[in-house]
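According to TrEMBL:
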type     : residues : note
DOMAIN   : 27-101   : domain 'Cation-transporting P-type ATPase N-terminal'
TRANSMEM : 84-103   : transmembrane segment
TRANSMEM : 109-129  : transmembrane segment
TRANSMEM : 273-297  : transmembrane segment
TRANSMEM : 317-344  : transmembrane segment
TRANSMEM : 747-768  : transmembrane segment
TRANSMEM : 780-800  : transmembrane segment
TRANSMEM : 821-840  : transmembrane segment
TRANSMEM : 860-878  : transmembrane segment
TRANSMEM : 893-914  : transmembrane segment
TRANSMEM : 926-943  : transmembrane segment
REGION   : 978-1002 : region 'Disordered'
COMPBIAS : 989-1002 : compositional bias 'Basic and acidic residues'
Amino acid sequence: MPDAGDAPYDTRSMSLPTGHEEDKTIKWHALHDVQEVLDQLSVNDKGLTSAQAETRIHEYGYNRLTPPKKVPLWKKVWDQINNILIYILLVAAAFSIYFAVSGDDATDAWIEFGLIIGVIFINVLIGLIQEGKAEKAAEAIKAMLSAKATVLRDGEKISIDSDLLVPGDIIYLKSGDRVPADARMIYVNKLQVQESMLTGESDPVSKNMLPVDAKLGIGDRKCMVYSATMCTTGEGTAVVCETGDSAEIGRISQLVSSVEKTKTNLLVQLEILGIWIAVFVVIIALGAFFLGMFGPFKDIWENENKTVWEQAFKNAVAIAVAMIPEGLPAVVTITLALGVTAMARQNAIIRQLPCVETLGSLTVICSDKTGTLTKNEMTVVAVRSAKSHFDVTGIGYAPKGDFVDREKVPVRESQLAFIKDMLEVGTLCNNSSLVQTTDVTGGEKWEAAGNPTEAAILVAGKKAGIDTKTLYDNKPLRGSIPFESDHKFMATVNESNGILTMNVKGAADRLIDICKDQVTDDDMKKRAPIDKEYWQQAASELSSRGLRVLALCVTGISKSLDMESLEPAYIYKKEVTLTMVGLVAILDPPREECIPSINEAHTAGIEVKMITGDHAQTALAIAKMLNIVDKTNEHIVYTGPQLDEMTRPELEDAVMKCNVFARSSPENKIQIVQALQARHQVSSMTGDGVNDAPALKAANIGVAMGITGTDVSKEASQMVLADDNFATIIVAVREGRRVWDNLRKILIFNLPVNLAQGLSVFISLAFSGLGGVPLTAIQVLYVNMITSVTMGLMLAAEPAEDTIMERPPRRPNKRLLGKLVLWKCLFVSVQMVAAVIGVFKWAQIWPDGGYSIKKRRGEAFTVLIFMEIAFSFTTRYLKQSAFRKEMLTGNKWAYVSIATVAGLQFLILYVPGLNDTVFEVEGINGWQWLRVLIISVILFLVVELEKALVDPLLFPMVKPLLKKLGLVTPRYEGLRSRYSETSDTEDPEIAKKVNGKSEPKL
């Protein structure tokens, strides 16, 4: 290929392009004419020869995508095992085998080994099922490529496999073809291409051969066609410019493969938790070992002819196993799975378990406009005549609504008659239709068949009383001028009572200049010279509100005119008088449920940003209706080309202050996501097209559309919206916050129990006067694997607290093992250790002579279990009092868990064989049961008293000291610092917005 000379170049980057990086890729859409394109590609209008094509195959490679590097199974398994908690469990399992082979308690050791390995296997299996979706995303892109292409080779038109295409090939396109490569148009005949998979916009794009500015995005490059897009109408010829990985879809595939997967805060915090647990367990185990080697039991073991170091080692391992929360990984997984199930019932389908928790920490939601924030159902919202302005109520394709004046007063009968006459023009000049069906509930549902804009006019006509079938029968079609981007209008010729009338519908700016007169006094029979200034001002005013404005016009036509030869030039003729009837303003309206959902997001301290391929003015207008923009930045909107020109710091500043981004490219979405992450924001990104896949993967939470989304976007995402509804994201955020709260409750519940078990055994080794250990290895494992898991599942099912969406987002670096968890762990475990050791010693000295060691262990074991039950009730509310009605009625699984654990404890105590052989206990008597119940109630009351005193009264006193020591992480200030009533803002309207009190203005 010859040197590109002064040809425009493209700026492309796999991560956060800023517009300041040089790339020598030619911008084909900006080359001045077809001949320049052919010269750049060293080809003429006869196409390539077979020899040239063969040479270029070696130079450029095949027109196919490079497959992603696949991760081997062993690496996937290793990724699941490479976890500090799993390491600890593996070490515990290894020691269990050692004891099973060398010790006297072989049965207990083998049971322990089996349970631990079972936990590891379940966790690894769940992880393998949930992860590893990136390969499917790239494969889904590959499946969208065309298989065949019609090409000009050696001067002949032939069909070849599309992967044999090379730059310089001349290809032929027609309606129904999938474009096989990126190409510049060299001939166009009414060709339209559906590019929504790349641009996000649903309307087909009319192609031409005119060059455009080098900086314009894909949606504005009408002289180009792109690989994997679909030709809907017309035909054309194009010269291939880019193939394979160099094509737009190839770059997207590379972006999907190159974007690094983000690690959720939950995974990070679980790793940190595992490290702390490991360190603590090792320290306590070493202490137990040295205590055994040199403590009071040394002489006892020597007198029993036992090896001291071996007995000390066994006890150290037993304490370590007691303090490891073996059931915690399983409970965390099940908690996340329950969250997934709850979200699925609300139409939010989670594809990767840890992402459930991430939803609860979102600080920014980046959303598409069309179909997510809006209904994707174009609607006529206003009509304008030379005399009047009328608003139209009702949204969507259902023909239900009325016409009202500016004061919202219903129109008079005479006005409605004129509106009906006006909309007859748009109904006759129309190639679309409305289809009435039923939805899943059996209710009425209306859908558009054809162009959404034309369907909107049909709906408005039905609201005015037009019966389309009767109208078409009474005024049959005799001829037409199809819409073309060159002239920007469509016309039909209809006959009524022997008179032919041309009905014209098109861009207001184009038709206003052509019209010579106008309908006046809201009467189709009255005419007056056109007031172009009035119509231009009216169109400008409607457009400034983000509305798509079309003009409706009529003119008479002679019967002698040949309808087959009707051309657009006809209405430009001097003798033709085109009459302006009126303007219709069309909008893709916001979803009704999105407005309160966005207000709820603001209340929760979450910013909502709109990122769309639409025009800036339209995007800003919709954003204002949805309360997405705040008054301090209500006029700020950035376009994709503007973002491309920014430096990294400028980009980060822009994404923090701006909530509306228009004409955005795939790279722009990644830019926005990565800039937000650079400012420590936790962001989600919605998308449905192939172009969205890289950004979906880069975001903390990628959200794909379930109805309109491509397989590519779904495979690259972490969550899929089954109903394509923004409001569902807010429901998922609420559920994510609930899951995080419940995980903390589970942690606060589990750790004190594990610590109490280990310390109880440790203390019993330090004092030989206790006559043995209060808890055996099998009892400890039973608590870790059965009771803690059962009670943990109760906490996992705990419903959200009332104020959950009134809190600001959780800090992105929020510690799972924070001050509250550590304090509760210490405070509760001390009480549990005192109770277990206390009843164990009490039963040794009272009544006279005390009970047997097994009966004492039975009471110690039972008091631990019932203290767990009592503690689980108070843990259901971390900082609020548990003395509330919801404690009895809020969670039905509480009773199931309590009944299960209490029932199993009765079986362990009183079933022969199970009690004395397996658990080494005996059934306890009434006095012992009374002590168990009293101690459990006391624990519950003491923890409730601690809630009332420590956090609200004592913690504020010590907080300044903790701050000086660097032990208090600054609170996340996000949106609330800008909007809340307690912030520095003096604007009450902005403060209202965050509390969901402001109403949208249409």
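Every residue gets a Cβ built from N, Cα and C, even glycine.
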Among 317-344, 747-768, 860-878, 893-914, stretch most in contact with the transmembrane segment (273-297) (C-beta, under 8 angstroms):
747-768
Same chain only, please: residues at least 6 beyond the ends of the transmembrane segment (821-840) with a C-beta under 8 Å from a C-beta of the stretch. Say none if there are none.
744, 747-748, 751-753, 755-756, 759-760, 763-764, 770, 774-775, 856-857, 859-860, 863-864, 867, 871, 928, 931-932, 935, 939, 942-943, 946, 950
Quick one: DSSP breakdown of the domain 'Cation-transporting P-type ATPase N-terminal' (27-101) into helix, strand and coil?
48 helix, 1 strand, 26 coil
Restricting to the same chain and to residues at least six past its boundaries, which positions have a Cβ under 8 Å from a Cβ of the transmembrane segment (747-768)?
273, 281, 284, 287-288, 291-292, 295-297, 300, 315, 318-320, 322-325, 327-328, 331, 774-775, 780, 783-784, 788, 791-792, 795, 816-817, 820-821, 824-825, 827-829, 832-833, 836-837, 840, 860, 864, 868, 871-872, 875, 878
